[in-house]
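Pulled from TrEMBL, these are the features on record:
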TRANSMEM  A:34-56  transmembrane segment
TRANSMEM  A:76-97  transmembrane segment
TRANSMEM  A:104-122  transmembrane segment
TRANSMEM  A:128-148  transmembrane segment
TRANSMEM  A:160-181  transmembrane segment
TRANSMEM  A:187-210  transmembrane segment
TRANSMEM  A:217-239  transmembrane segment
TRANSMEM  A:275-292  transmembrane segment
TRANSMEM  A:322-341  transmembrane segment
TRANSMEM  A:347-366  transmembrane segment
TRANSMEM  A:373-395  transmembrane segment
TRANSMEM  A:401-419  transmembrane segment
Amino acid sequence: MSDQTVSPAAVQAEPLKQSTTGVRPISWKYPITYAVLAALAVLFAITLPAGARTHFRLSSGGDFFEIPLVELPSRPAGWILALILVGLAGLAIWQASQRVRTRLWLPLLFGVLFVLAFLVWAGADRGAVIPLVTMLTGALALSVPLIFGAMCGLVGERSGVINIAIEAQLLAGAFLAAVAASVFTSAYMGLVFAPVAGALVGALLVFFSVKYQVNQIIVGVVLNVLIIGLTGFLFSTALTQNPELWNARQQLPRLPIPGLSQIPIIGPVLFNQTILVYLMYLIVGVLNVFLFRSRWGLRTRAVGEHPKAADTVGIKVNRMRVYNVILAGGIAGLGGAFFTIGQGLAFGKEMSAGAGFIALAAMILGRWHPIGALLAALLFGFSTSLGNTLATIGTPVPSEALLMLPYVITIFAVAGFVGRVRPPAANGTPYVK
Amino acid sequence: MKLELRGVTKRFGSFTANDRISLTVEPGEIHALLGENGAGKSTLMNTIYGLYSPDEGEILLDDREVSFNGPGDAVAAGIGMVHQHFMLIPVFTVTESVALGYEPTRAAGLMDMAQARAKVLEISARFGFDVDPDARIEDLPVGAQQRVEIIKALSRDAKVLILDEPTAVLTPQETDELITIMGQLRDSGTSIVFITHKLREVRAVADRITVIRRGAVVGETSPQSTETELAGLMVGREVNLTTLKEPANPQEVSFEVRGLTVLSSTDKVVVDDVDFSMRRGEILVIAGVDGNGQSELAQTILGIRTPVAGSILLDDKDLAPLSVKQRLAAGLGFVPEDRSTDGVIGAFTITENYVLDMYDRPPYAGGPGNVALRLPVMREAAQTQAERFDVRMGSVDDPISTLSGGNQQKVVLAREMSRDLRLFVASQPTRGLDVGSIEFVHRTIIEERDKGTPCLIVSTELDEALNLADRIAVMYRGKIVGIVPASTSRDVLGLMMAGVPADEAQAQAATHQTVMAEADEQAEAEENQ
């Protein structure tokens, strides 16, 4: 070999300039959505009768200070909100035309203001008060199983196993929580057994999908049918024959956090909850840190993205998947417990009512990220709660239309409307050496 | 560390991939393992790396027998491997990739990113790599990804480093850098096993050469052997390293691409305002490092990708509004890059694969609206073509997956060339083929050219480009850097593959010759003696 080798620097060429501008088509779907919603807000404002008033209740008693009933003149409030929304939509359109990236605050602010504009319109001159705190509490309650479910799906799919059986895990958790709590007459025993039920379903899922490489979607569907059938059968036999022993109501006590729970509005919503909800905060927080900053998280993501690469550095791919899916099952089982002991209800047939699938959608909408999935699940919970509230106060819009909202959002989310969604690359692919 | 193999045998079913292979790699030696595609090189290395366990024979490290239960054990024993297809996770950062599996941690299993980062920086400083520890793998050029793989191996104190076809994805200049790195590693006492099928590289870098053919060692030799000798050993007969062809006889321009721009599924520009034209009866090779938009260009010409701008004119007719089927009917023949996924349907018979794009028209179909397939006609045509294209097979009724890669490719060529072509496009037509099949494919393409068909060939192998082309267009980051005659030197082409415009590349190459170019000159001088 010669010593006249070229130094690397000498051959490093100037990279060619890439003409990216003026080529990529501008994506107009967000600006158009904003514009349509802003137009809707203007429509609300126009149709508001002069002199109408909208009432909001912002307190729930026991706060540091009582906020009196808020009374807004509907028409001016409606117009102000509508104009701000039009402004924000204009900003979004301008940003799109300038190819500026829209920041996260814009959709969040837009969403909050639009909901307010809608409430001002819906509550105008109804004689009814819009119970904001109750609505938010309801929203969180509806979100809790979704959040647990989404975290379960996320841990599984980040390690490469698609989990369609979240529904089954929630239901199994709800069932065993109710039965255990009833038998031991202690809600906390329910909390101990609920994750076991979810983990068992998870174990079945990995047993078939990892060990025997059965199609993961099919295993998931079968597990859903199995658990719905099994819990339904036990419910209509043992649980109905001797409800005092097997299906007596037990409720986890509320544990208000001193101080925090007295903050107006958010205090009672967030910090006057059962241990189950606090556990949920913890799980989301821990996952958010550990998935991205720990050895476990790095290996989990590696196994879900490129299992062969993980194998070549000595990571046991299938073992990792087995552990993670069982762990995830435990998380979903906890979520199931919320249906029964979390709310002080007895177990009822198919009481999870599709929450597992909505959780799956929340995970996708949240792009396989704990915080994203959390926000998506909250959005679903809130829109359901909104529908419920409007059903009670009576509005011009049929409340059923609003109850449809989570499912509509889900379809858009799954169809990729939320932008480029990139699942873990090896998601759903069994690893065979 | 000394690595020794004694009679290592590995079988897959009835197929013996490695047959009693014995080989010794001394400490501080670059030992080349030379063999054709499918000769069993990668199987052997995966066995050493613990991915497979040998059926017979033993592996010794520093004269002590070892057995590995997985790559983890091999790594612990001091073996590192840079796979041909990098084992990197596209969404990870460099630091994460290097740390994976051997993560420095603090309390509760949280990663000590600072320490992991420092390790990357320390190793890249030691060998003069310019690698940003926070860059994402998918944003790095392949050369840099390869350096990450080397850092990965070194961070685990590899004493034996296996490089599996490391130059397949590099430009000649990047190859040069790699050769320098290999020299540095050898001097610091690392033993290197260098797997390749490229004769030129072996002669330039190896201290010793072991040649394997059909899973068995056929000879050990020194780098002083000539390329012809090495090729003879590797293939088992005398081979012509260059395909003889008549000079091109280009006629009128019949195919033109103008201002073609294509986006990837993630909205990145992959083909950037590409212009070129081709005459009837010439071969234009699109050269360049893999992933610079060549595949997308070929796919857009076929019509399975839609351009955002530009036109594709064949015989003055714009192909853009036409469907794939209409384009094929207009006289386009297409050989896709990945034979097994896009070229053939593995479970279909050879006959069925042969008529895959002609089954719905006479003579293969008949009756009202051509609904009935004429199976005997298809069989007979497939039989005739298979003989003409020298497909080695049992029967045309066998599933095509039972054939070797080379024979599958011959079926694809037979199919595409059985129509009257106005344009022939082939992506990586010889990837993964043995020397005999490569010769055949090249001859077939030249025959098609001589019939007056413009032939557009995408190839990442510079040897192939030089061998086959009448003109060479080099692509870099979606743009055509320049179109040059086939007589252009490797060094110039290499610089162009890194984005240097043609005239500038000429000037640079004249002053800075690469190691490989020097080795070439030397080899030529020797062969002429």
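Just so you know, glycine gets a Cβ as well, placed from its N, Cα and C.
Any TrEMBL annotation is an automated prediction that lacks curation.
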Between the transmembrane segment (A:275-292) and the transmembrane segment (A:76-97), are there three or more C-beta pairs closer than 8 Å, counting only pairs 6 or more apart along the chain?
no
CB contact flag for the transmembrane segment (A:217-239) and the transmembrane segment (A:373-395), at least three pairs under 8 A:
no
Could you tell me whether the transmembrane segment (A:76-97) and the transmembrane segment (A:128-148) are in contact, taking contact to mean 3+ Cβ pairs under 8 Å with a sequence separation of 6 or more?
no
Tell me if the transmembrane segment (A:160-181) touches the transmembrane segment (A:347-366). I count contact as 3 or more CB pairs below 8 A, with pairs 6 or more residues apart.
yes
Sequence-remote contacts (6 or more beyond its ends) of the transmembrane segment (A:373-395), Cβ cut-off under 8 Å?
111, 115, 122-123, 126, 128, 130-131, 134-136, 138-144, 146-147, 149-151, 153-154, 284, 358-359, 361-363, 365-366, 402-403, 405-406, 409-410, 413
So, taking each listed stretch (A:34-56, A:104-122, A:322-341) in turn and counting its Cβ pairs to the transmembrane segment (A:160-181) that are under 8 angstroms, which one gives the highest count?
A:322-341
Counting only residues 6 or more past its boundaries, what in the same chain has a CB within less than 8 Å of a CB in the transmembrane segment (A:104-122)?
30, 34, 37, 40-41, 44-45, 47-48, 54, 56, 72, 74, 77-78, 81-82, 84-85, 88-89, 91-92, 130, 379, 386, 390, 393, 395-397
